[in-house]
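S.K.: Dropping the structure in here first, questions after.
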Amino acid sequence: MRSHYCGEVNESLVDQEVTLCGWVHRRRDHGGVIFLDLRDRDGIAQVVYDPDTNEVFQLAEQIRDEFVVKVTGRVRLRPEGKANTDMSTGMVEVLGKQLEILSTAKTPPFQLDEFVQVGEDVRLRYRYMDLRRPEMLNKLRFRSKVTSYIRNFLDGNGFMDVETPILTRATPEGARDYLVPSRTHEGSFFALPQSPQLFKQLLMMSGVDRYYQIAKCFRDEDLRADRQPEFTQVDIETSFLNENEIMSITERLVRDMFRDLLEVELPEFPRMPFSEAMNRYGSDKPDLRIPLELVDVGDLLTNVSFNVFSGPANDPKSRVAALRLPKGGELLSRKQIDDYTKFVGIYGAKGLPYIKVNEKAKGLDGLQSPIVKHIADAIDPLLERVGAEDGDIIFFGTDKTRVVNEALGALRVKLGHDLNLLEKQWAPLWVVDFPMFEEDGEGGWTAIHHPFTAPSCAVEMLESDPENALSRAYDMVLNGTELGGGSVRIHDSDMQETVLRILGIGQDEAREKFGFLLDALKFGCPPHGGLAFGLDRLVMLMTGAQSIREVIAFPKTQSAMCMMTQAPGKVDPKQLRELNIRLRKTEQPE
């Protein structure tokens, strides 16, 4: 139907006849001449119709925005002074000789070049229109390049692309499962996989050795800007490699991809223990572009009369930390400080104590804060420890350790972005030495990653001191976003049963949920491990998108709904009867 894409029309085609197909991006009448900006996925070409072509000109007068047309004409240079250097096709135009309307269009719900003023709900409702925008098509094209690059890299390194089941059974992986009722097995349900975790481990036990899959995964959880109920994961697993070797391969993949697709040379990824990341940055995925750090000051405040500080300072499960913002005392207004106080409240902080350092040499008189008089004896060593200078402001977090880390960690990131403190464009790292377990709040333990992560200690220590046991897990972080997480897996059945027992999963429950895995571990299991990338997050970062919804063709909203198809929706009662499902009305509170 066509000889060229619109974006291919350039000076090399001058005096040649071309046939183009696409959407009318814009139609203009200038002095009796009709101009059509014709758009396809590769670009926009200007087509000109003059009155000399009577029938064709009359047809061109009927054209409106978003009509789908086929045009044939001769390529010529634009008149002097009319070139558009902002377009790759801007030096030429097509003098139209033929025109065929392939499809008409209603008035669009929004102009494609005015999308900034259009609400996201409207864009998602008419996603097929939204995706016509060059910005959106370019993101999809780039995503395709990323997946192609990943496949080529892994194929070239001996990995085998293997598909794993979508209909499987529910396993405890941290989030709620999407359940699928079975028609043929009454009262039983499949679960959509949160990850291919167990199947890829079974593939290692099957001798596949190196596996990968670009897999759809599903989690029924509360959504944020970087979460979707269904998402795409680059899943990787290897046999007979330790964590350093796995990290080396996957780091090389990311660095090569950034170099070849973005012309960005990422540095070697530094490695940081989990405990250091939490202490210095309040996060297990720190954004190292921001030159602000948390500093422990609790040991300086154990004897002050101010219980807001001394209480947590004397509690082993609490923390008092300081966050110094250089020149922040000069930069921030009282209203801004109040706004940041409200912000940390989102994370459970009861307030945001601060000290403004006006003139350090004047001692207490050079400080501005309602708390200074309560901690006067500790002021000098405190200022020295945080490196305070004139003009600074020092914020404090004083609460349970988790609250302090989350509140000051989030404040650190917000200050970095609000005040444009980012020192570099890209800051990758590995976070390593994660704890195996964390308290579940009910006297038990839950796995930091998942129950199949190998510990870095023997079974005896794991059983005697689970609180201090470390895992052989590792997370790849870029600009404060977790790109991927992985670990060396347990390949010994006794160790696996021990971990499940510590997690409160008894022998009967373990057999019922994981019997197939426990059996497989007893038939010769190689040491193995792997990593999974979030493809959506990776493409979001590489394209500079604000949300993963911008790099997914048909995403869900934050309420897990498709605005275009109105999914999820009601189903025919007959289908429910076939599945032996009866809906119960939820009782409304009086």
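Using N, Cα and C of the backbone, Cβ positions are placed for all residues, glycine too.
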S.K.: Record says ARG219, ASP220, GLU221, GLU482, GLY534, LEU535, ASP536, ARG537 bind ATP. Source is Swiss-Prot. Which of GLN228, GLN546 does it list for that same site?
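M.R.: Site partner of ARG219, ASP220, GLU221, GLU482, GLY534, LEU535, ASP536, ARG537 for ATP, according to Swiss-Prot: GLN228.
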S.K.: Looking at 89-92, 197-200, 245-248, which stretch does Swiss-Prot describe as region 'Aspartate'?
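M.R.: That would be 197-200, the stretch labelled region 'Aspartate' in Swiss-Prot.
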S.K.: Return the maximum Cα to Cα distance in Å (whole number) over the record's ATP-binding residues: ARG219, ASP220, GLU221, GLN228, GLU482, GLY534, LEU535, ASP536, ARG537.
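M.R.: For the residues that bind ATP, the greatest Cα distance is 19 Å.
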S.K.: So of GLU221, GLU482, which of the binding-site residues has the fewest other Cβ atoms within 10 Å around its own Cβ?
M.R.: GLU221
S.K.: Rounded to the nearest angstrom, how far is the Cα of HIS449 (L-aspartate binding site) from the Cα of HIS30 (site 'Important for tRNA non-discrimination')?
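M.R.: Computed Cα spacing between HIS30 (site 'Important for tRNA non-discrimination') and HIS449 (L-aspartate binding site) is 64 Å.
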S.K.: What does the DSSP secondary structure composition of the region 'Aspartate' (197-200) look like, as residue counts for helix, strand and coil?
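M.R.: Grouping H, G, I as helix and E, B as strand yields 4 helix, 0 strand, 0 coil.
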S.K.: Have a look around ARG537 (ATP binding site) and count the other CB atoms within 10 A of its CB, chains all included.
M.R.: 21
